[in-house]
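Peer 1: Attaching a single structure in structure tokens format; questions to follow.
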């Protein structure tokens, strides 16, 4: 990119030597005629996306399942991929919170959240449960923990019982990989397409390294208790008024998402909202949806907040500062509008007064020193990335991983040293019998570090790389050039306003049918790049389309299905752990008005921006 200014005419129309031009001229798709291999590739692509939304569970022979469980436990220490235990057809959840992880049919592993440090009189739920989000079931984690200390029964049936059945789920982490292998086996694509989807073009490895590095730092910060401390502090000061509490929590989650991204806020904020609403005996629905929608909306501002933003900046050679400059006004305006929309929508469910809870926020701050250290590293890393990106120093072979990976390693080393000191201090006070019990309970790796690693969205790696490869396959077989011509025809007919409107609609709908918002962004960004290179659109139309895609790929996370985003899958599974089940119709019902209201306002502001700047 030649300039970091949002109004620079050359910001997206880069020279021939730029990354974005070079990235998408490596395949012969623009000159290829649609043939049988093209049809097969298209069918495989959409079949993969269907399996991502509706995973297919395939029963395995018991011997194979036993071997798979043994290998999984040896490598990972717990189930986090697409093989999970079921007892008589039901997914079996762990009962010992810190030791196990629950498994969803989507293929994502959601380890139980670290226990919130509540007073003893608040550690048990006060309200009877139902299965709907508006009528929460009590969280019996503390009672289960006390029972587990008296009983050593395993959390899953023993293989010798003959009742354990293992399944292989063809879903988020596995379906895209299977699709790539199928295309290779059918000779629809050569090996060069696979390589290009990993290391060349927009450098997917660089994008995923940045994402996982920030994910580790954010989750490590969460383990210090800082996010829960902030949430409890806000709740304690506003807990007497339901409306004040609703506003305070909405503002807190939106601000946190602006900095650390949506996934850490979902992982930390969702259990907090579940605990708080249960103990105050209020309807959790408005607070849960406000948290979920605010987190996904605010993630449109910073590049590091969402992997979809990373895909766009890499595809169009945008600096981090330029991207944030373009998305700042639409994001802030939509966030300011979203609160009154939610307040009106949930006016009958937000209580006017609340019974104050006796919760000490300081008790949630587990590691104050770690919170200061990790937050400092996080902020410094973001500042360095923005500065280097604005100066154009992150191009070439090095890339952003040279900044983010060392930062994550630094935090990992600090976590390991903290765990080592904690073990030594605890070991000095243990009796011989207590030490034996402690050694049986603690695994042979650092507690905090291993817990953070277990919460990393690692299934996103095969999914993301495979989606890059599948989009490369569509480009190689000629489909991307066809769709780029369709978009060029629409741009000529609808102009800038038509492109912004249609891209906003397509991006939201595509999040729900194209393998989460990541798959959508990978595909549409490729189409827009080919359109830019072949049709030479005006900067006004080009910028409008790209920024509308950025807004829609973030806002589309709160739309029709949970699988529209990784955050939606995590949010659903964490709520299920807490006994709160949100149905699909309820999810659609509470998302529709906020979604289209914020999208309309954001797209209008994008249109105003491009009209003023060009």
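Yeah, the Cβs are placed from backbone N, Cα and C, and that goes for glycine too.
Pulled the feature table from TrEMBL, pasting it below:
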COMPBIAS  142-161  compositional bias 'Low complexity'
DOMAIN    181-529  domain 'Citrate transporter-like'
REGION    1-23  region 'Disordered'
REGION    124-161  region 'Disordered'
TRANSMEM  39-60  transmembrane segment
TRANSMEM  167-187  transmembrane segment
TRANSMEM  207-232  transmembrane segment
TRANSMEM  244-261  transmembrane segment
TRANSMEM  323-344  transmembrane segment
TRANSMEM  365-390  transmembrane segment
TRANSMEM  396-413  transmembrane segment
TRANSMEM  460-480  transmembrane segment
TRANSMEM  500-529  transmembrane segment
TRANSMEM  541-571  transmembrane segment
TRANSMEM  591-612  transmembrane segment
Peer 1: Top stretch among 39-60, 244-261, 396-413, 460-480 for CB pairs under 8 A with the transmembrane segment (323-344)?
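Peer 2: When the Cβ pairs under 8 Å are tallied, 244-261 comes out ahead.
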Peer 1: Please work out which recorded stretch in 39-60, 167-187, 207-232, 500-529 has the most C-beta pairs separated by under 8 angstroms from the transmembrane segment (591-612)?
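Peer 2: By the under-8 Å Cβ criterion, the transmembrane segment (591-612) pairs most with 500-529.
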Peer 1: Counting Cβ pairs under 8 Å that sit 6 or more residues apart, are there three or more between the transmembrane segment (167-187) and the transmembrane segment (365-390)?
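Peer 2: These two segments do not touch.
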Peer 1: Test of understanding: applying the rule of at least three C-beta pairs under 8 Å (pairs 6 or more apart in sequence), is the transmembrane segment (207-232) touching the transmembrane segment (460-480)?
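Peer 2: Contact between the transmembrane segment (207-232) and the transmembrane segment (460-480): present, because at least 3 Cβ pairs are under 8 Å.
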Peer 1: Pairs 6 or more apart in sequence, C-beta under 8 angstroms, 3 or more of them: is that satisfied by the transmembrane segment (500-529) and the transmembrane segment (541-571)?
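Peer 2: Between the transmembrane segment (541-571) and the transmembrane segment (500-529), which are separate recorded stretches, there is contact, as judged by 3 or more close Cβ pairs.
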Peer 1: Which listed stretch (39-60, 207-232, 365-390, 541-571) has the most C-beta pairs under 8 A with the transmembrane segment (396-413)?
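Peer 2: Per the Cβ count, the answer is 207-232.
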Peer 1: Which sequence positions outside the transmembrane segment (207-232), separated from its termini by at least 6 residues, show Cβ-Cβ distances below 8 Å to it?
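Peer 2: 114, 116-117, 249, 252, 256, 260-261, 263-265, 267-269, 272, 276, 304, 307, 310-311, 314, 359-362, 364-368, 370-371, 374-375, 377-378, 381, 400-401, 404-405, 407-408, 411-412, 415, 448, 451-453, 455-458, 460-461, 464-465.
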